[in-house]
Each structure stands twice: as C-alpha cells, then as structure tokens.
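A.B. asks: Take a look at the following structure, please.
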C-alpha cells in the first residue's frame, strides 16, 4: 500500500466527473487500499478517488473514532434523501478550511462493496453528511461550491498561500 498525493483546490482535475467502475478486480482493490492509507495518513474521514487523480466512482469512508469501520462505495447512487442538516465541513483537498454546508439529514444509497457485491445503506448524522460530501467529488463538486463567490475566493487564496508556504519548506 502507498499514500497517494491529494489534489488541492483550485486544481481543475478536482472538477473531473468520475466514470463508473466496470469490474471490481485486484487493481480496483489496490486503489481502495491506497485510498484508505492516504485518508488515514491525512487524518480524514472520507476520500473520493477524484481527490487522488483517479477518475473512477470510488469512495472510502471511516467516521469511527477507532478508525476501524471501513466503508467502501463503488459506483454509489443516491436513492433517497430526507431532512435538513449541516455542519462545518472540511476537506482534504481544501486544507485547513471549513464552512457550513447544507445537507440532507438522512440518505439511502446503493453501491458495490470492496468485493464488487451490491448493497444498500441507510445513513444519518455524520455518515450521511460524509457520503454526500464524497459523492459530490465524483461529479466534480466541492463544498466551496455551496458558498458565496466572495467566501469561495477567500478560501482559494488561503489554500494557495498554504501550498506556497509548504512548497518553500520542502
């Protein structure tokens, strides 16, 4: 397994619409394993393949405090959503920035698991929010897209400044 490079906003590759996974094979499972390693190394709770420049419909999530409840979503589809909620969301592709984003309180999805088996899942609370956030990545949408142009511009400037500072220290 290896840690993959996470793309940072405003990288245009984050706007790529992911394509469905045709076959869940050893290569897809290797990508999933690398995505989990990357997500844990970056201290995230979710990661979409788009964020690591792999443009296939793959999401990994672990919202547990113990970091041992891995959820794999291959070709996820939203079946139902209800209620309204929102929290200050962060994103590995938008480091050190947070903003309140409106989301559905509950979702029902269908997807394929790590072995390519279909399943359905009903989720609420943080898991529902995380699923919606990561599924947005698969269609090239970021949490900043829910914000005003002014807030989006400020976040972009902060992220670009952070990236320049990190580049100087390498």
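Yeah, the Cβs are placed from backbone N, Cα and C, and that goes for glycine too.
Feature list, courtesy of Swiss-Prot:
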type	residues	note
ACT_SITE	134	active site
BINDING	91, 133, 137	Fe cation binding site
A.B. asks: Neighbours of the Fe cation site 91, 133, 137: Cβ within 8 Å of the Cβ centroid, same chain, sequence order.
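C.D. replies: So the additional residues around the site are 46, 48, 51, 89, 92, 93, 134, 136, 142, 143.
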A.B. asks: Looking only at Cβ atoms, how many others are within 10 Å of the one on residue 137 (Fe cation binding site)?
C.D. replies: 25
A.B. asks: Distance check, please: Cα of residue 134 (active site) against Cα of residue 91 (Fe cation binding site), rounded to an integer number of angstrom.
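C.D. replies: Here the two Cα atoms are 9 Å apart.
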A.B. asks: List the same-chain residues at least 6 positions away in sequence whose Cβ sits under 8 Å from the Cβ of residue 91 (Fe cation binding site), in sequence order, or say none.
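C.D. replies: Non-local contacts for residue 91 (Fe cation binding site): 9, 97, 133, 142, 143.
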A.B. asks: Near the Cβ of residue 134 (active site), how many other Cβ atoms are there if near means within 10 Å?
C.D. replies: 25
A.B. asks: How would DSSP class residue 91 (Fe cation binding site) in three states?
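C.D. replies: Looking at the DSSP assignment, residue 91 (Fe cation binding site) belongs to a strand.
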